[in-house]
Amino acid sequence: MHYNLVETPSNESNASSTIIESTLGAHDLNKILRVEIGDKDNGDSGIDVPLTNNPAENVFLINIVQNIVPPKDFAVEARGFMDVKHLLEKANIILDSAETEFEIIIRQMVSSITFKNPKVRYEDIQKEIFEFDENTDVKMTNVRRKIQSVVLSENYLAQDQSWLTLYCSIAGINKRYLSITRLNTPTNFGRGLEDISFIVLVIASVDEKETKSAVETARTFSTLFTSQELRNKLRYVLTIEEFQKEIRLHAYGLATENQVKLSYHKEVPTSKERWYPFRGVKEDFKRRIAHYPSDYLDGVKDVRAVQKTTSTAVFMYLSILFQVIALAMVNDSSTGGLINVRKQIFGQLIGGIFFGIFGGQLFLIIISTVPFTIYIEAVYVIASSCGYDFNKMYALTGLFSCVYLTILGCLEASLVMKFARRSVEELFGMFTAMSMIYRAMQAMIESFSCGPLENAISGTIKNETKFSPDQEACGNSIGLLYIVLMFGTLWISWSLFSFRKTPFLSKRVRELLCDYSATIGVIIMGFVGAFVFRGIKQETFSYNPEISVFTFTDFWNQSIGAWLISAGLGIPLSILFFTDQLLVTNTVDNKEHNLKKGPAANWDLVVCAFLNVFLSLAVLPWALGAFPLSHLHLKAQADIEERLVHGAKVEVIVKNRESRVATLITHLMFLPTYLFLLPYLKVIPTSVFQGLFLYLAFAAMVGNEFVERVLLIFTEQRSYQPLHYIRRVPQRILHFFTCIEIVQWAILFFVGHAPWPFVPMLFSVVVFLYIPLRLLVFPYFIDEKYLESVDGVH
């Protein structure tokens, strides 16, 4: 929600004051008053005062009046679109100004305007824009009149400092003038103007009628610049014509969109539709099918979309590929080669394309996850200990689970997840990330002993580790090289991932390096390991092209005991599918990510069930929407803007490209990988794959509030960032809640990695039980208002 903040000087008093006048409701006004008056951000760029021996001569008063005015409603106020139509075509637009001095930028903007009256001088306009006293030798660079927006969010209230509109009225002219400057980098012009990228200047006649006055015209263009999406588009246009076109299209969209919203709200029925089986699946399908053509077009509709789609496809391909290979190595060891790298690659190819075409939530990445490797190992141990055929039991267990999952989807059981709070999602994400780190560390330790890799990962099944053909001995050099390659991959990928926040190079180059960070890290360290240190024996994954990827069996031909065990094993597996899929869906599909096409949780459950029917019959690894890859996919497709909120930088997703194209391209690349590239990928040491595991784990922790709160325990209090829960929740209660979460995570981690085969199967049950625990038990220990602040819904 945006409100325009108009600031003007006042001569009504000799005391410094900040007055906020608003036509808003009392509730919103009180929120603004509580925050803004104590802050007194008045937009000063600085005061240059000459020092004298008399202290009284060095004291000046600046009286600032702030008025809250609503943005212009383009659907109701016809003057809004007319202003854009008449002024934008003749506007003076400066792109990528390199100046950092505020007055010089304004002088350039004024100089670019051609006034019909030659007597109009810059000094006349300067007096109206800047505050100074002609009777003294004091130079005041304080802005007299400006408009910015105040952003009201659920978690904060802050002044948007990415753009600024200046306006003034002068004599001697008979028309309005508009000038816009886009700075090549966000620039700090002082308090309240700390991250300016766009400056708008409106000059009008003092004799202009009210509807065409300087302040009303400024309000028109200020309303347009409150849009994050528009500002993001304007950052990337290359010509003035494109700049004008984007503003014109946005103004037209505001006018027509608001009219559509008004008519839509009148037609919405007040009563809800009666519940019946398949209702949720039906509604999800109807909601998503309306957007199906745009699901493909949105990924290629402009140059920026093509760039994002391409970089995302390559980034996701490599991220998925190396994670699949790393997980396949675990499954290969835990199942005695029955589920190997070729099977995992082919299963990913089938699953990704199937869900890419038929799935509802477009950002979900279907993949076999870390919890599935734990579950597959448990099924293998149970089948071996009971004397049953693993392939048959695996297929039957998967089929039972898919039946249960389909029933849950058709009964609209996803509504249960509306009671899930943010902490459950954060705990699950943290468990997945730490499981990746855990496996990478275990593999690193194993590299020093050169024993079986599986002993380090699970400690249950003894299999011979597969090394390259000439590898017969090992020493500390192998372990040290393993550390260098693993942490080298992490360091390169993470450094490039964080490069977007640095001031080096251009914004586009920084974003390209960020998008391809994992790709570059794997390529560099893979080359180093395979060629620079080719004399040192290193572990690689096993590859046997003669083994068929399909293992269809007569799963029905089993004893009653095997059927009962499979039916029982299918229950916690279906809970794992249900909980994992919906937690990832909730993490991706929340309002902070600015998604437009609506949810499809029930539909995705049914699609996931049908997909895993085939995977179970073929004895291919089970798959579902995975964290953190789905979240990384969303961020890779997004345009992100950094906003200053009470001195802290907050990343805001401005726009997201909800498209199937990147997902389909990603998984189509698995076809040549499966057919031709696996023998060549085998030369890359597994240590590089483990380094990618570490990178994905740390990238998944970015933005996880559980991680932020844990760090606060060890952070000096005066260094706390002004986050919303820090302002609303007492420190003692905040740390108490964090400690409870740490205990929950420890229990979850222990259950998921317990050495007993039956215990890890309860992992999904524990996650599901955390939902009623948070809802029913926590309020007895922590006040509900504090719980909602620190752990509300997305």
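Our numbering is plain: 1 for the first residue shown, then up by one each step along the chain.
Heads up, the Cβ atoms here are built off N, Cα and C, so glycines get one too.
All annotation found in TrEMBL is predicted automatically rather than curated by experts.
Copied over from TrEMBL, here are the features:
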DOMAIN    277-462  domain 'Bicarbonate transporter-like transmembrane'
DOMAIN    471-792  domain 'Bicarbonate transporter-like transmembrane'
TRANSMEM  314-331  transmembrane segment
TRANSMEM  352-374  transmembrane segment
TRANSMEM  394-415  transmembrane segment
TRANSMEM  427-445  transmembrane segment
TRANSMEM  478-497  transmembrane segment
TRANSMEM  518-536  transmembrane segment
TRANSMEM  560-579  transmembrane segment
TRANSMEM  600-624  transmembrane segment
TRANSMEM  733-751  transmembrane segment
TRANSMEM  758-782  transmembrane segment
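Taking residue pairs at least 6 apart in sequence, the transmembrane segment (518-536) and the transmembrane segment (314-331) share three or more C-beta contacts under 8 angstroms. Sequence-distant contacts of the transmembrane segment (758-782) (same chain, six or more residues past either end, CB-CB distance under 8 Å): 371, 374-375, 377-378, 382, 416-417, 419-421, 423-424, 427-428, 569, 572-573, 575-576, 578-580, 583, 733, 736-737, 740, 744, 747-748, 751-752, 791. With a threshold of 8 Å between CB atoms, the same-chain residues lying at least 6 positions outside the transmembrane segment (427-445) that come near it are 326, 330, 369-371, 453, 456-457, 479, 482-483, 486, 579-580, 583, 587, 627-628, 631, 686-687, 690-691, 693-694, 696-698, 700-701, 704, 706-707, 741, 744-745, 748-749, 752-753, 767, 770. The stretch from 352-374, 478-497, 600-624 with the most CB pairs below 8 A to the transmembrane segment (394-415) is 600-624. If you look at the transmembrane segment (352-374), the same-chain residues 6 or more away from its ends with a CB under 8 A from one of its CBs are 284, 288, 295, 316, 320, 323-324, 327, 330-331, 334, 344, 432, 435-436, 439, 576, 580, 584-585, 588-589, 597, 599-601, 603-604, 607-608, 611, 621-627, 629-630, 633-634, 637, 658-660, 663-664, 666-668, 670, 752-753, 760-761, 763-764.
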